[in-house]
Amino acid sequence: MAECHPVGFQWVMEAKARGAKVVHVDPRFTRTSALADVHVPLRAGSDIAFLGGIINHVLSGDAYFRDYVVAYTNGPVILREDFRDTEDLDGVFSGLDPDNRSYDPGTWQYHGTEARAASGQRDQRFGGSVRADGSVSGAARGESHGSGGPAISRTEPERDETMTHPRCVLQVLKRHYARYTPEMVERVCGVPRDLFRQVCDLVTENSGRDRTTAFAYAVGWTQHTTGVQYIRAASVLQSLLGNIGRPGGGILALRGHASIQGSTDIPTLFNLLPGYIPMPHAHHDRDLESFVRADEAGKGYWGNMRAYLVSLLKAYWGDAATEENDFCFDYLPRLTGSHSTYETVMAQLEGTCKGYFLMGENPAVGSANAKLQRLGMARLDWLVVRDFSLIESATWWQDGPEIETGELRTEDIGTEVFFLPAAAHTEKDGSFTNTQRLLQWHHQAAEPPGEARSDLWFAFHLGRIIREKLAASTDPMDRPLLDLTWDYPTRGELAEPDAEAVLAEINGRDAGGAPLAGYEQLEGDGSTSCGCWIYCGVYADGVNQADRRKPGDRQDWVAGEWGWAWPANRRVLYNRASADPEGRPWSERKALVWWDAERGEWTGHDVPDFQKDKPPGHRPPEDATGPEALSGTDAFIMQADGKAWLYVPSGLTDGPLPTHYEPQDSPFPNLLYRQQRNPVRHLLPPHPDNRYQPSGGEPGTEVFPYVATTYRLTEHHTAGGMSRWQPYLAELQPEFFCEVSPELAAERGLEHTGWATIVSARAVVEARVLVTDRMAPLTVHGRTLHQVGLPYHWGPNGYSTGDAANELLHLSLDPNTQIQETKAFAVDIRPGRRPRGPAALELVRGYRERAGIDERTGTEP
Amino acid sequence: MTDDTAARAAGSTGAPPRVGFFTDTSVCIGCKACEVACKEWNAIPEDGLELTGMSYDNTQGLGASTWRHVAFVEQRKPLGGQEPGVGHGNHEDHEDIDVFAAARGLGAPPGSPLAPDGRTELRWLMSSDVCKHCTRAACLDVCPTGSLFRTEFGTVVVQEDVCNGCGYCVPACPYGVIDQRPGDGRAWKCTLCYDRLGVGMEPACAKSCPTDSIQFGPLEELRERAAARVARLHAAGVTDARLYGADPEDGVGGDGAFFLLLDEPEVYGLPPDPVVTTRDLPAMWRHAAAAAVSLTALAAVCFAGRPR
């Protein structure tokens, strides 16, 4: 965190000043470790084993927060009789279809009911598992989505408040994690058991009524073939310890750069609409009613899905959206499968994707298997790159690595490339949404130089010009564009659209055009509009609430008047859980919101995340739906059962409980189960430049004996577009280097500040060598493991240059999110510079032959 | 010369209190924001892209084009002392917590190896160095043009439009801070953001420091704060903690920019016992004058005693 979020780390230092203890778990000793109380080096890719070990410690030692677990989690809920855990099936869950690498999650449900997920694959069980494309297993929500299906069950699941029933979630959990012992953690993760126990003690002693523990993570957890399950493991642990919905608790995603949280709230993702509403599917979501019915949870605030979606459609299409035409629901684009960034590359290679916008993204350096990214772009008709700098993704056609090797020739490439300079954040108005869902407005400080323009300017004027060109069209295909509300006021010589006008549209308006104050005002009858329901209220009273800057020392400790947090300016989500079932704070020290019986309302330091006047003892009528169906103790109001999920009955494609699998490319066998890898990980179609490596005990594994991980440095920004061209930053970390331990340097003859060549089955790169004690050799599976650290900022362009670490990566993705596994893979490292031109290809080919790699290697379920 | 008189001796009357930096290296996270903010504000040129292999330090040292420099020192020593001593807000409701008592119980137990080679723990020291703005500044003493002067804030500043590039100040600095810029010839160093102080702003490096490792303020106040901080660290068992440059009795009369270090100054590349290089100048001039008088007298005697 100190390494990649130094400004945010000031608050960790504040917490330390108040007595907080900081534990840093990372393969490397980083700037964070330097300031932490304990640093725990572990093998990259083994975190579920580590977290599972802590879960086992908590469960076997009865260190969980029992009252919290009973009241607010699904721990007491009883599962179906036909559910089979990894304990029963040696590493897989019931419902596995190995041929299609997918699960039928039917048996994962609660006994006697069905629950909708609050996010993720929300309509997974809607009518079984019809698949449009057998090669893509459950990639996007639509892949497992049928037409029709069972009515949503509104029956309450069967519970055992004593949590002793053998099929209740807590007991299943206990059995599932029983094998994650300290000894196993030591063997799998390379973390000595004494150090592991110390972490367990720190976490458990600092949780309970009087204390809370927070987890912060970044892409070191997400970028794995089991990335979602990493986060789930932390969720299980935090729910068991009662650390959700309480001050000082939570699981905090440290985002990759400014407003990545905002870009999922109002998404740049293919499978979501604003506010986490799923994108409809081409074949199954034929009309608004069936779409809403499929995705609408019976209980909780997702029960108001129709109001959120209709208000969104009204924001998009205004007066053109009417009850009669389903509020233009048919205008929405439809999914036909996974259209993730990596599928898009495959579609480029196949020739079906012909045009590509890159806005603030440099896939030729920053995406896994950078070579495939470039080869894909070489098959496009047109490519638009908007960036500050002439990044590699804009110049690969004239000087990319494939030009050097002869795999591409400039004269053969038909792609028309447009480079459009972009304005920096200081050159435009707008908001940033940070990891705690806090929107903070920033004002333009300077006009953008030359032809640089903001993204808002580009999107608005592109839309305006397209609409002008299509104005006379009678083709129904053009109606969605022509009917758009596209009337933002502009100002200044550059005709910059007014960013606050966009914020006002996102906030939403009532039938009279007045700004809405909160999402509970949204209606499903077309009388309200709202561009993103969770942001409703950010422009309440016509005031830009995100622009509030009352300093912390002039308000209370919650600081609710700094910026604006979604939803409803709540600073802690699910904060009903900060009080006990009767509505009293679990402890005075950790009081956040509570029930005021005299006034008959929830009150406290934060905005209560609960219906204001619903008493703790409230029991809903049998036929209630949506928020009305939540009882006075259903603290997790977005969940279909109102509970925090220790066990996920619906919504995940790869299992209801986090389970350790080895990374796609791993030098080690899975010691915990016979199942080596995530059986439903998302592999892309075979491609000669995307070969996987042998793993575990397979012959050829020894050819790539070292674990590698990629990461960032304080001095640079992601793929370098914002930093490698800046002399003041470039001089601080001037070139690509790898970090190795003195032991590995001795083993492979690597010299400090000399050159190293790093090879995978995909590519070869070279890097300067930093030999450092900060890379500790670990004892894993009884042998010494060396790890290679690879910062991934560099590419051939710019002021500070180097090979791109992402050349080495394969495309094997998390099946829930289609995120690549860049944080744990296997390589070889040798001294000296890499060969140039065709000889580089020869070297990689030689490695593949030695390891016996073909198109089937590593593709087993 | 005392702090109070430093500015007054330079001719400033009614001067504001002497200001400076307290750089608490025990909370530095090595983000180098100070280096970048300094270069941005003062428009200092980039000065070389070289991977040095000195941990994450590719800046190497202070110079004409580097006025803040973050050193990175990797040591096989236990973690310790990386505890913040200053906060941004009120912590009165947490004053009952003895953070150091809590901290003492932490860290891997002695002798629990993290690695097969028996390594135990690792310490990564980070420290942002800067011009010390000495109370007795030799650079200022030797400057023949008056380009170097003491400001009303008690800081030492080079006037770039007066400097003639003679370079006398360069060997005069006991810390090796001031330097001539290649291709320019003039001497450059930290001005403690003189232009910002004049309008009531704190220096760029202190402004950008996310953890308050670099603290700016009246020197007296900073010294008190630093003394209290060292006392707390000592009480917490961090016996390595010491102040550097805070003593008005030291060889340079105390630094306007002083440090809290967690190891010997040499570890950070700082001289252990800096002495103002012009210390012996008066004596030298006295000796020279005496010699001159003697020689003149001798010559006179010679001439006087010459037979006509």
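Cβ from N, Cα, C; glycine included.
Within the chain carrying the domain '4Fe-4S ferredoxin-type' (B:19-49), a Cβ under 8 angstroms from the stretch's Cβ atoms is held by residues 56, 58-59, 63-70, 72, 81-86, 124-130, 133, 153-155, 181, 188, 190-193, 196-197, 203-219, 222-223, 225-226, 229, 233, 238, 241, 255-262, 268, all 6 or more beyond its ends. Sequence annotations record features per position, and here TrEMBL assigns domain '4Fe-4S ferredoxin-type' to B:19-49 (among others).
B:Cys31 ([4Fe-4S] cluster 1 binding site): 27 other CB atoms within 10 A of its CB, across all protein chains. Feature annotation from TrEMBL assigns [4Fe-4S] cluster 1 binding site to B:Cys28, B:Cys31, B:Cys34, B:Cys209.
For B:Cys193 ([4Fe-4S] cluster 2 binding site), the same-chain residues that are 6 or more apart in sequence and have a Cβ closer than 8 Å to its Cβ are B:Trp41, B:Asn42, B:Met201, B:Glu202, B:Pro203, B:Ala204, B:Cys205. Residues annotated as [4Fe-4S] cluster 2 binding site in TrEMBL: B:Cys38, B:Cys190, B:Cys193, B:Cys205.
If you take every residue in the domain '4Fe-4S ferredoxin-type' (B:122-153) and average the pLDDT, you get 96. Among the features that TrEMBL reports, domain '4Fe-4S ferredoxin-type' is placed at B:122-153 (among others).
Annotated [4Fe-4S] cluster 3 binding site per TrEMBL: B:Cys131, B:Cys134, B:Cys139, B:Cys173, in sequence order. Under 8 Å, Cβ to Cβ, and six or more positions away along its own chain, B:Cys173 ([4Fe-4S] cluster 3 binding site) finds B:Ala138, B:Cys139, B:Thr277.
The Cβ of B:Cys169 ([4Fe-4S] cluster 4 binding site) has B:Ala138, B:Cys139, B:Leu140, B:Val142, B:Cys143, B:Leu148, B:Val158, B:Ile178, B:Ala187 as same-chain neighbours under 8 Å, each 6 or more residues away in sequence. Taken from TrEMBL, the feature [4Fe-4S] cluster 4 binding site applies to B:Cys143, B:Cys163, B:Cys166, B:Cys169.
Per TrEMBL, the feature domain '4Fe-4S ferredoxin-type' maps to B:154-183 (among others). Long-range contacts of the domain '4Fe-4S ferredoxin-type' (B:154-183) within the same chain, counting only residues at least 6 positions beyond its ends with a Cβ under 8 Å from a Cβ of the stretch, are 3, 6-7, 15, 17-20, 45, 61-65, 131-134, 137-148, 189-192, 194, 197, 219, 251-252, 256, 270-271, 274-278.
According to DSSP, the secondary structure content of the domain '4Fe-4S ferredoxin-type' (B:154-183) in residues is 4 helix, 5 strand, 21 coil. Neighbours of B:Cys163 ([4Fe-4S] cluster 4 binding site), defined as other CB atoms within 10 A of its CB across all chains, total 21. Here the binding-site residues are B:Cys31, B:Cys134, B:Cys139, B:Cys169, and the ones sitting under 8 angstroms from chain A, going by CB atoms, are B:Cys31. On a Cα basis, B:Cys131 ([4Fe-4S] cluster 3 binding site) lies 13 Å away from B:Cys34 ([4Fe-4S] cluster 1 binding site). B:Cys134 ([4Fe-4S] cluster 3 binding site) falls within a strand segment according to DSSP. Using Cα positions, the member of the binding-site residues B:Cys134, B:Cys166, B:Cys190 nearest to B:Cys28 ([4Fe-4S] cluster 1 binding site) is identified as B:Cys190. Cβ neighbour count for B:Cys28 ([4Fe-4S] cluster 1 binding site): 28 (other Cβ atoms within 10 Å of its Cβ, all protein chains included).
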